[in-house]
Amino acid sequence: MNTSQDTIYAQAYENISDFQFDEKVAGVFNDMIRRSVPGYGQIINTLGDFANKYVSTDSNIYDLGCSLGAATLSIRRHIDNRNCKIIAVDNSESMIQRCRENLSAYVSETPVDLVCGDIRDIKIENASMVVLNFTMQFLAPKDRETLLSSIYKGLKPGGILVLSEKLNFEDESIQSLLVDLHLDFKRANGYSELEISQKRSSLEHVMKPDTLEQHEARLKKQGFKHFNVWFQCFNFASMVAIK
Ligand SMILES: C[S@@+](CC[C@H](N)C(=O)[O-])C[C@H]1O[C@@H](n2cnc3c(N)ncnc32)[C@H](O)[C@@H]1O
Ligand SMILES: O=C(O)C(=O)C[C@]1(C(=O)O)C=C[C@@H](O)C=C1
């Protein structure tokens, strides 16, 4: 997968525009997300292990907000001989193009339907696994419940949703501690103060994290029987919900 270095916010801009998953971001996204999200690599690898345990024969797997296809690739490596299909969706043309190239670099018997479209318009059906890996935080808060309701309806009994998100914390001391630790993580990965602060401004109106309590309440309201965080590092977590 492409590893061009993310220097998007390295120069000083007079006006910071809202963050978009455009051509520029898609070109450096693999580097950007690995240097920005603590635990990203482990989460991607573990999605394959979840798939191995939960994907049933003749079912569908959905990767919603697939970006360059990292989650799809990890899952696909673990589900041979199950006659499944992966539906990978993203509304960024640039991401989808690169994703197509990344997928074609590996041979697999599991077909992938690569859809350039809005995840809010996708019908989920016959699903044994749905992945939202750092995608839901970019939806307007009012649309999150509707999306989860459609995922819940489309999951087979016993099916799994893996939901990874940046988190907010109501306790202000915890919020500032975990945000500081995340900023240190970014510094340790070579981002300058300028890059960090310009990216924060660009994400401000675009990415709206929820608290863990909001996630749990919303998932339980849809009917998910089982819920837990399976991974957390600082203010980033990955949750599982089982129907
Ligand atoms: C942080 S990235 C996801 C990373 C990816 N899941 C991974 O594991 O590498 C968020 C992705 O969601 C996509 N996205 C955001 N809102 C979307 C929407 N409403 N419909 C489809 N894709 C969306 C963006 O284009 C972007 O590629
Ligand atoms: O919070 C940040 O600083 C981030 O950069 C996080 C985050 C994410 O969680 O998706 C935001 C945008 C990019 O997709 C990569 C990482």
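Keep in mind that glycine also has a Cβ here, set from the backbone N, Cα and C atoms.
For reference, TrEMBL has these:
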- TYR40, GLY65, CYS66, SER67, ASP90, ASN91, ASP118, ILE119, ASN133, ARG200: S-adenosyl-L-methionine binding site (BINDING)
- 61-159: domain 'Methyltransferase' (DOMAIN)
Largest tally of Cβ atoms lying within 10 Å of a Cβ, found at which of the binding-site residues TYR40, CYS66, ASP90: CYS66
In three-state DSSP terms, the structure that TYR40 (S-adenosyl-L-methionine binding site) belongs to: helix
Entries of TYR40, ASP90, ASP118, ASN133 (binding-site residues) sitting next to ligand 1, with Cβ under 6 Å as the cut-off: ASP90, ASP118, ASN133
Helix, strand or coil at ASN133 (S-adenosyl-L-methionine binding site) [DSSP, three-state]: strand
Secondary structure content of the domain 'Methyltransferase' (61-159), with strand meaning DSSP E or B: 39 helix, 27 strand, 33 coil
Listed in sequence order, residues with CB under 8 A of ASP118 (S-adenosyl-L-methionine binding site) and six or more positions away: ASN91
Same-chain residues at least 6 apart in sequence whose Cβ lies under 8 Å from ASN133 (S-adenosyl-L-methionine binding site): ILE43, ILE44, LEU47, ASP63, GLY65, ALA70, ALA71, VAL162, SER164, SER238
